[in-house]
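Enquirer: According to Swiss-Prot, the protein carries these features:
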type	residues	note
REGION	116-285	region 'Disordered'
COMPBIAS	254-263	compositional bias 'Acidic residues'
REGION	260-299	region 'Interaction with MYC'
CROSSLNK	Lys388	ubiquitin cross-link
CROSSLNK	Lys472	ubiquitin cross-link
REGION	628-794	region 'Interaction with HCFC1'
REGION	628-709	region 'Interaction with MYC'
REGION	769-794	region 'Disordered'
COMPBIAS	784-794	compositional bias 'Pro residues'
Amino acid sequence: MDFPQHSQRVLEQLNQQRQLGLLCDCTFVVDGVDFKAHKAVLAACSEYFKMLFVDQKDVVHLDISNAAGLGQVLEFMYTAKLSLSPENVDDVLAVASFLQMQDIVTACHTLKSLAEPSSTTGESADASAVEGGDKRAKDEKAAATMLSRLDQARGSSSTGPGRELKEERGGQAESASSGAEQTEKADAPREPPPVELKPDPTSSMAAAEAEALSESSEQEMEVEPASKGEDGQEEEGAGPATVKEEGMHLDNGEPPEENEESAGTDSGQELGMEGQNLRSGTYGDRTESKAYGSIIHKCEDCGKEFTHTGNFKRHIRIHTGEKPFSCRECSKAFSDPAACKAHEKTHSPLKPYGCEECGKSYRLISLLNLHKKRHSGEARYRCGDCGKLFTTSGNLKRHQLVHSGQKPYQCDYCGRSFSDPTSKMRHLETHDTDKEHKCPHCDKKFNQVGNLKAHLKIHIADGPLKCRECGKQFTTSGNLKRHLRIHSGEKPYVCTHCQRQFADPGALQRHVRIHTGEKPCQCVICGKAFTQASSLIAHVRQHTGEKPYVCERCGKRFVQSSQLANHIRHHDNIRPHKCSVCSKAFVNVGDLSKHIIIHTGEKPYLCDKCGRGFNRVDNLRSHVKTVHQGKAGIKILEPEEGGEVSVVTVDDMVTLATEALAATAVTQLTVVPVGAAVTADETEVLKAEISKAVKQVQEEDPNTHILYACDSCGDKFLDANSLAQHVRIHTAQALVMFQTDADFYQQYGPGSTWPAGQMLQAGELVFRPRDGTEGQPTLAESPPTAPDCLPPAE
C-alpha cells in the first residue's frame, strides 16, 4: 500500500522542527541571524554539505556572506519552494553557487536573463532582446518548453505573472526557469515577478502529492517582491558564516585585531517587528530572515517582554538558574550558548596558522585566509571615519558601531550593552563568579580552565609570546606588540594639539581629552564626569559601597585591583619606591612623598598658637598636647543672635576641618568664619553639628546621598574618613589654609573680597549649612586652586 502524502508530511514535519529549533543538529550564524537545520537534509540537497559532513567536522568556516540568500536556500530545501525576485536573486545565486546546488543556480541565471531591460517597451518578450539576444532567446525557449511540460503535468493552462513553476527532481533537481511567460503581454510589467520553484511530479502519485502541496502553499504564502524594511530584504552580507553543532553559536566575520575570530552572540534585545505576522504555527528562534511576528512572550517573574522565543527562553534561565549548555572538554555548564562557545575556545589557545606578510597568527586556516585579503587588496570596504579596511561589508558595519556609539548587543543578566558580540561574550563570563582554577605559580585564580592555561604562558620559560629583550611573557600577541614599543622607543601615535607621542592608541585618546575637555564617562548618581572608564568605575563603587577585591590573607576589601596589589605588598614587604637621598624604601609612592619632606625641610603643619611648623601632622598633635596641654589654639566663637556655638581646636583642626566639608544636591555643608568669641571646649560640638545637618537633609529628602567634598579639587566622597585620606595629597593647600589669616584669604584669590568689618582671629571656624548665612562667602564657593584629581585608574 502506498501513501502518496507521506513524503510531503515528513518534509513538513522537518520544516516545523527547523522553525521551532527542535532536534536540529546544525546552526548557521550569518550577520547575527541564526539558521537552524538538520545535517541529513542539508547533505541530501547540497553536494557541498554532503562532502563536508562526511568528514565529521564540528565547526566549519563557510564563505557565505548574506543572511537573505541563505534563508531562501534553506526554505527551498525544506519546502521545495524558491521565492525569487530581482531584489534577492543575487543573494540566492551567491549562496547556491557556493553550496553547489545547480538547480537553483540555473533558475537564478534564467531569471536574471529575463530581467534584462527590453529595447522596445511595447514588444513581446520574444522580440525584445538586448545584446546577446541569441542566448536570451535560447533561455526563453527552454523556459517555454518547461512551462509546456509543467502545464501538461498539472493539467493546467494558467498563465500570468503569478504562476508557479515546477521542476523535475530525480535525486538532484533539474534546472528551472523564471515565472514570467515567454509570451508576456505588452502592457505587463517588464520586470519579472517573483518565482516559486517546486518539484515536478513524475508519476500519478507524485502528481497528486504535488497538486495538494501546490494548493496548500498557495493558501499559505503570498508571493511578493521583497520589500524594504523586512527581514527578508536584500542586504549585503557580513562575512563568512559558520556551521556547527547545535548549541554552539559562532559569528561570521573578519578576525578583530587582538582576537583570532569574532564569536556570535544573541543580542538579547527585543527587536519588535510590529504589524508583521509569522507563518501560523511557528515561533522563530531568531531563525531565517523573515518578518518576525507580533507574538509577545512576557516573563512572569520580572514582566520583561520578548518577540523571539529563543530570547525569551534564554531570559527565563536567569530566574531558573538552568545551565543546559556544557563544555565538551571539562563539562562546565553555562546558561548561554555563546558563553559556552567562548569558554570552549580557551581549551585550545594555540594559533598555528601564521601570516607570512605580518606574522599575525590564527587558530583556523579559514581565518588566516580572510586576513590575507587585507594584504592582497581584496579588503575593499573602507571606513569613512578612520580609513580602516575590511574584507566584508558586515565587518565594516560592525566596526562603524564604534564610531556611532551604538551598542546593539545586550546582556540578558544585567542589561549592559556592547558594540560587538565578542565583548558581550567576554562579559557573560563575568557572571560566573566561581574561580576554582588557581595558578600554582602566583596564586591567581580564574573561573575557567582555559583562562588559566592562557595565563600559564607568562610562567613558561620559552613561551610563544615572550619578549626577546627582557624575557617578559604575554598572553596575547597584541599585548606583546605594545610591550615591544617600550624597547624600541616607537611612538607612532601623535597628538595633533601638542605633538606629544604615544606608543598606545588608547593612551593618545585619553590624552586628547585633556585638550578637548571631553569627559565622556559620567556618573549617573551624582553627575560627575571622567575622562576614562576606569576612573568612573572606581568612582561609582564609592556610591555603591562595592569592594570586589579581597585580600585572601586578612580579608580586607578594596575598590580597585591596584589598591589590593598595593596592600599585598605590605604583606610581602615589597618596597619598590626608594628615596633618592637616603635609599629608604616604601610600599607606595605616597609614603615616599611624605618621607621626602624630611629632606626638603618643608614644614606644612603649623601650630596656630605659637606658629611652630612640623613636617608631620602627628608631630603637630603631640606638640599641642605636650606644650599647650591640649588646650592651645581653642577658638572662642561667638554665635550670631539666636545661633548655636560650634568649637574647633587646633588638635583636631587638621583632620576635622577637612572631614567637615560635605555636599549634597540639597545643601552644602562648609566651614565659614565668624566675628567674636565665647568660651567652649571639645570638638564634639562640631561633629554633632555635622550629624544634625546631615540628618536634616535626609529628613527633607530620604533619597539624598550625602557627599563629603574636597574644597581644593571638588572631589566628593561617601564618608568623612575617605575625604580625610584623599585630602593628604593637597597637604599645604588643603590643611594650612585654616592656620593663618593670610593663608585663609589666599584661598579665595586676589579677585575675591570680604564683607567690611569681618577681620577675624586666625582659624576661627563654625560649621553651618551653606544657605544658613546669606551673603557670607564660603570655602566651597571659592575657585579651586589645585588641579583636578581623578581616582586612580585600575
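We count from 1, first residue shown onward.
Cβ from N, Cα, C; glycine included.
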Enquirer: With every protein chain in view, how many other Cβ atoms are within 10 Å of the Cβ of Lys388 (ubiquitin cross-link)?
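Expert: There are 16 of them.
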Enquirer: At the level of the C-alpha atoms, what whole-angstrom distance separates Lys472 (ubiquitin cross-link) and Lys388 (ubiquitin cross-link)?
Expert: 31
Enquirer: So what's the average pLDDT for the region 'Interaction with HCFC1' (628-794)?
Expert: 40
Enquirer: Using all protein chains in view, find how many other C-beta atoms are within 10 Å of the C-beta of Lys472 (ubiquitin cross-link).
Expert: 15
